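Sequence annotations record features per position, and here TrEMBL assigns region 'Disordered' to 1-20. If you look up TrEMBL, you'll see 1-11 marked as compositional bias 'Polar residues'. The domain 'Major facilitator superfamily (MFS) profile' annotation in TrEMBL covers 35-426. The transmembrane segment annotation in TrEMBL covers 41-63, 75-93, 105-129, 160-182, 189-210, 252-272, 284-302, 314-332, 339-357, 399-420.
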Amino acid sequence: VSTMNAKTSSGGEEEASGMRNEALGESGCLGEAKRGQVIRVAYVIAALDLTFLFMQMGVMPYMAKSLGLDSVGFGYLQTIFGVLQLVGGYIFGRFADQFGARAALILSCASGSMFFLLMSLSTSIPLLFLSRLPGVFMHGIPGAQKVITDMTTPSQRAEALGKLGLCFGVGIIAGSAVGGVLSTKFGIYVPTYVGLAGSLINTLIAVVWIPSQTKPKSDHHGTEKSTSQSASLFSIREILRLMKFPGVMEVFIVKVFAGFPIGLFMIMFSIISMDFFGLEAVESGYLMSYFGVLQMVVQGLVVGKLASHCTEMTLLRLSVFVFAGVGLGMALMRTVWHYCIIAVPLVFAFSMLATITDSILTKAVPSSDTGAMLGICASVQPFTRTVGPTIGGVLYKQFGVSSFGYLQLMVNLGLFVYLLKSKIPLGETKN
């Protein structure tokens, strides 16, 4: 009888344990198949978001010109959007930490819908400037990164984040092509209508397919009360606190400065392609598509493989070293064909740097702060777009195209020596 009671008790404990495990799975610790499905949905949302964004980028200059906005005014329009993205990146990340990745993605998609709605109604210059305001919360890529960060283990993170580059390539190719065809055949406002409908669909996908809780349940104990959950959405003190974690400041400095010179070059690329390379608008479009294909190949076939075989510090040093070589090539290039050759290591270094630094920085902070850290990382490009036109314009006018290459070479050689000599701690503080 005692044996039977023991077995019954054991069976009851096993059943109770199974029920607890099932409840745990429902509350956050999703199965491997379910996590993979959610990550794939995040990729789809990111790809669609980037496609709609590149659609509007292609028609925006023509829309501004049709409303009577000159080149100086268009520069102001772009600067305002860059500033909004710069400020909103960190706030969006804090929002994701406090309310979850699902809520953050819904906010981003809903902001995109408002963005395209206002663009479709922009029949005057003030309305066109007003349409930039929702851009403060339009952060589809950081939202998808937050989902992936929550749903992957540290060892899987670099490869999973790297695959977002495929979404970027799809966005460049599809967005540029579709936006051009729609605006040419059906009118300049049609891409905004398509973007509005697509953003609404993206919002619905996020509501239906992204679970309300993406973090493992164990990540909701211990560190949360003492970190981002107790602070406001925007706090300079919180940014400084994150920068004090071991290795964060050093890696973030490398992330900002390694890609800054090439960021200046890309900002001036539309002018360089016309004046220096002598390209027509159609040829510039083909060159952008070439970049998109390279991005897809590198992110899909190269970054993930290297991330699974090499340490992150090794890959960080490699990306900085390749960036230095790209700088030398840019300083010596003379034709667009030279640039097409240089674009291969350029895309590799750019993709590797972005993926590895995001992976390192999200591992270096507590799990309750990964959204804020991704938001800070997402602010790097808006910062470059904000200050870049002035600096890039001066460099191009005073010293020519080769100045971008020499700056890239000197900055990255200095960073490479710094990474070789310094011992950056990359310990994790996650639960």
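Using the three backbone atoms N, Cα and C, a Cβ is placed for every residue, glycine included.
Caution: TrEMBL annotation is automatic and unverified by curators.
Same-chain neighbours of the transmembrane segment (399-420): 254, 257-258, 260-262, 264-265, 268, 272, 276, 313, 316-317, 320-321, 323-324, 326-333, 392, counting only residues six or more beyond its ends whose CB sits under 8 Å from a CB of the stretch. Counted over residue pairs 6 or more apart, the CB atoms of the transmembrane segment (339-357) and the transmembrane segment (252-272) come under 8 Å in at least three pairs, which marks the two as touching. Tertiary proximity for the transmembrane segment (189-210) is limited to same-chain residues at least six positions away from its ends with a CB under 8 Å from its CB atoms, namely 37-38, 41-42, 44-45, 48-49, 51-52, 55-56, 58-59, 63, 101-102, 105-106, 109-110, 112-113, 115-117, 119-120, 140, 147, 178-179, 182-183. Only residues 6 or more beyond the boundaries of the transmembrane segment (75-93), in the same chain, are considered here, and those with a CB under 8 A from a CB of the stretch are 60, 64, 69, 104, 107-108, 128-129, 132-133, 135-139, 142-143, 146, 233-234, 239, 371-376, 378-379, 381-383, 385-386, 389.
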